[in-house]
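Asks: Okay, these came from Swiss-Prot:
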- G10, A11, G12, H13, S14, G15: FAD binding site (BINDING)
- 262-276: NAD(+) binding site (BINDING)
Amino acid sequence: MNIFNIIIIGAGHSGIEAAISASKICNKIKIITSNLENLGIMSCNPSIGGIGKSHLVKELELFGGIMPEASDYSRIHSKLLNYKKGESVHSLRYQIDRILYKNYILKILFLKKNILIEQNEINKIIRFKKKILIFNKLKFFNIAKIIIVCAGTFINSKIYIGKNIKALNKAEKKSISYSFKKINLFISKLKTGTPPRLDLNYLNYKKLSVQYSDYTISYGKNFNFNNNVKCFITNTDNKINNFIKKNIKNSSLFNLKFKSIGPRYCPSIEDKIFKFPNNKNHQIFLEPESYFSKEIYVNGLSNSLSYNIQKKLIKKILGIKKSYIIRYAYNIQYDYFDPRCLKISLNIKFANNIFLAGQINGTTGYEEASSQGFVAGINSARKILKLPLWKPKKWNSYIGVLLYDLTNFGIQEPYRIFTSKSDNRLFLRFDNAIFRLINISYYLGCLPIVKFKYYNSLIYKFYKNLINIRKIKLFDNFYLFKLIIIMSKYYGYIKKKYFK
């Protein structure tokens, strides 16, 4: 029987990041997923970045993560957020071509010779003599020294559309929850939702506001210059709000009285109307999903209304009245594990050879999932090699802030990173990630020597120009000049905070 060093259950954003990071320093890695077609898929909003989230992606870029590289390759629309505010809250947001993104992920993953991929359904997980047995539906089993569970929102989950309920009764998903109950892991429920997708060929563009792309910086590799796709904006009005109120009985969110909590910063349209009754208009962003698809993502219209009500709702919104629904909106309720049972290295406190990463830890968003996947992957590989595990610090990275909050305070709602979550946000900026994390990345074995030397040459140039600041030519060294101005701006704070 072949014994694997690491087996990763689930191949979403956290699972793929875990596999890529572990494969840098370790061999004999296996990914088990129930559907190979969904490898690297963006199941909800096709966007990466945002306030706080882009800081995580930039940190992943320095650690050799796959998400920043794939998002730079597949971006079709870019926005620089908070540009008029201080540099510490400047954030980058990409609209992603979901097909290009998935294909790039698959290309990188299939080129890795030390990663095996298997499509299978898991029935049972058993710990036995410092090993883990993973049984599939055919009653065969894999043996692993370490497993990383990255099952996302698909553990014991149910989909709700109006009064219709569809349980995802795949043996793999349900048994993971049951297997972990046996080791006294606290399990509870969360929910999330997704809006409908429309046919963009039937939009009335004359009645929509246009949102143009910014030609901004990239996370790392600026090799996609086709980020010129337009997004569009429309609004609800009083008539639409009243229509939803009248048909609220057809919403599973209110009709079935959910006890689980959804993400605060991504509420459904029903939630918005009842929680903010004085708001007559709620913005709706229409975001194209791909160059190769006619689907458009209706950001801001997440709901769990019935099929017929969703059709009628679309017919009442300005600019999309004549469009057709390609995919309907729905809510999904799923199990998550209390992250306080984890060490900051993301292995379970009382089961050191089991790591948990992604939305099963109570987070929301691709960026948070990928960050956890990276930490779980690199630490599982270091554990195999009997090296000390990496414990991210909250004072020098947003990854540290994320894991510190999860493992110390747990969650009351799906956790989303923000710059406001960090006490040191003036120091943890998008522009100085190289200075903060380059040595850690090289120490962990994530950064090739060539790239390490390149980044060090940039740092050397920066300090050399800092000494000769009067001789700098603005247009020849604009990036360095800007960086010097920013760092001098925050010098007093950093000196007071860190060099008392």
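Yeah, the Cβs are placed from backbone N, Cα and C, and that goes for glycine too.
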Asks: Quick check: which same-chain residues outside G10, A11, G12, H13, S14, G15 lie with their CB within 8 A of the centre of the FAD site CB atoms?
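Replies: Nearby residues not in the site list: I8, I16, E17, A18, C150, A151, G152, A357, G358, A369, G373.
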Asks: Cα-Cα separation of A11 (FAD binding site) and F276 (NAD(+) binding site), in Å?
Replies: 38
Asks: Given the binding-site residues S14, S268, which one is most crowded in terms of C-beta atoms within 10 angstroms?
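Replies: Counting every other Cβ within 10 Å of each candidate, the maximum falls on S14.
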Asks: State the Cα to Cα distance, in Å, between G10 (FAD binding site) and C266 (NAD(+) binding site), rounded to an integer.
Replies: 24
Asks: Could you check the binding-site residues R264, K272 and say which one's CB has the fewest neighbouring CB atoms inside 10 Å?
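Replies: Ranked by other Cβ atoms within 10 Å, the binding-site residues R264, K272 bottom out at R264.
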Asks: State which of the following binding-site residues has the fewest other Cβ atoms within 10 Å around its Cβ: G10, G12, G15, G262.
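Replies: Across G10, G12, G15, G262, these binding-site residues, the one with fewest Cβ atoms within 10 Å is G262.
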Asks: Neighbour count first, Cβ atoms within 10 Å, every protein chain included; then name which of A11, C266 tops the list of binding-site residues.
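Replies: Within the set of binding-site residues, the most crowded position is A11.
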Asks: Drop a 10 Å sphere on every Cβ of the binding-site residues H13, E270, F276 and tell me which sphere holds the fewest other Cβ atoms.
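Replies: Each of the binding-site residues H13, E270, F276 was scored; lowest Cβ tally within 10 Å is F276.
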Asks: Near F274 (NAD(+) binding site), which residues of its own chain have a C-beta under 8 A away, given they sit six or more steps off in sequence?
Replies: K245, I248
